[in-house]
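According to Swiss-Prot:
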type     : residues                                                              : note
BINDING  : Gly40, Leu41, Ser42, Gly43, Gly44, Val45, Asp46, Ser47, Leu66, Gly152 : ATP binding site
ACT_SITE : Cys127                                                                : active site, nucleophile
DISULFID : Cys127-Cys237                                                         : disulfide bond
SITE     : His153                                                                : site 'Interaction with tRNA'
ACT_SITE : Cys237                                                                : active site, cysteine persulfide intermediate
SITE     : Gln385                                                                : site 'Interaction with tRNA'
Amino acid sequence: MQPPIPAPLKHVSRTPATPAVAKALTRLQCWPGEQRVAVGLSGGVDSSLSAALLVEAGWQVEGLTLWLMSGKGACCSDGLIDAAGICEQLKIPHHVVDSRATFQAEIVDQLVQGYQQGVTPLPCSRCNRSVKFAEMLSWAKKELQLHRVATGHYARIRHREDPEPQQALPGDSIGRHQLLRGLDQNKDQSYFLYDLSQDVLAKVIFPLGELTKAETRQEAERYGLRTAKKEESQDLCLADHYGSMKAFLDNYLPARQGEIVLQDGKVVGEHDGIEHFTIGQRKGLGVAWREPLHVVQLDAAANRVIVAPRAEAGRDNCVVGAVNWISMAPPSTTINVEVQVRYRSGPVAAQLTPIEATAEDIAADRPHRCRLTFNEKQFSITPGQAAVFYAADTVLGGGLIQQVNTASS
């Protein structure tokens, strides 16, 4: 299907809509070195405005869209059409990279395997590391001789060559690029970017890091971008593609009935597959009990969902493996950090203690592991999800939750 002919780009006043946009443009205009970049375009307003800002700042811009899934779905049809239309409006080339095989192997297959093992995987951070940035940087270098990419993520990078001073961190961070939260607290996506490498951070630009979503919409309308009012996806791209996450899981995993039990083994209900549950879940359990119950464990070996009242559901500490220290060197002693254990959860205080890595982590060249001891009990610590460590706005690092414990564990 050919994209419709887009409306031409509106003439844009040299007076940006907000001071934050003016600051973003100034930063892009003063960027050191060669100003050539490939912009990852998903077909949404965020990546569209990122490309527009770079064009206005005088960069030579190439649009790049990854084709991730086959078949009919918003992310592989509407997204491609809108991305092509934006490139027409901005008068920049548009390239589509077939990354379906990589996405299937690195994301879909790993996601299914994780659910089979009773964990709740976090595909977005893995996708950023193993698919999106890896594929864009590799293709742009090979085909376009470009060494920088930009995306519409709400996050910031303090490059080591930037004039502003770097934040003092609890460990060695001299000479490192630092990943920071986006200034819009409601849209900050640094949680999903903790697993990028220093080499990738050196080559990445986030034009929207200091903008709010409202400012992005306002500026996109000022440009007349066709995506300015496009609705934002509220779910994983896989859920959008299949209609729901349940439909995706049903497509790959046959229903397997099992028991819902209390921590003492008492059976209180049945389920059609542990993959449909997650730690901390309270609604939709299908269990009638004298008080609300929360999922506290998924036992893949026994095909059981283990539940408990809230008073018994809190956890004191967890083990985090495959840790990537993105903005600082690995610490050798216990440090105080703020930890985010879910994308939409706020940071909580904890002590981070380095511990010996597993043979599996070492074999995967991810030799860093730690224990997090929380100042207060937590109720949604989920194996498979990421625990990301912060010092104020700076991402120190993060890893995957492997084991959740009580104080006596």
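Even glycines carry a Cβ here, placed using N, Cα and C.
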Taking the residues Gly40, Leu41, Ser42, Gly43, Gly44, Val45, Asp46, Ser47, Leu66, Gly152 listed for ATP, what is the greatest CA to CA distance in Å, to the nearest whole number?
16
In three-state DSSP terms, the structure that His153 (site 'Interaction with tRNA') belongs to
coil
Using the structure shown, find which entry in Leu66, Cys127, Cys237 (the recorded positions) has the sparsest Cβ neighbourhood within 10 Å.
Cys237
Which number gives the other C-beta atoms within 10 angstroms of the C-beta of Gly44 (ATP binding site), all protein chains shown included?
19
Where does Gly40 (ATP binding site) sit by DSSP, helix, strand or coil?
strand
Translate the DSSP assignment of Cys237 (disulfide bond) into the three-state scheme.
helix
Cα distance (Å, whole number) from His153 (site 'Interaction with tRNA') to Cys127 (active site, nucleophile):
14
What number of additional C-beta atoms lies within 10 angstroms of the C-beta atom of Gly40 (ATP binding site)?
24
Give the helix, strand or coil assignment DSSP yields for Gln385 (site 'Interaction with tRNA').
coil
Given the recorded positions His153, Cys237, Gln385, state which is nearest to Leu66 (ATP binding site) when distance is taken between Cα atoms.
Cys237
Cα-to-Cα gap, Asp46 (ATP binding site) vs Gln385 (site 'Interaction with tRNA'), nearest whole Å
25
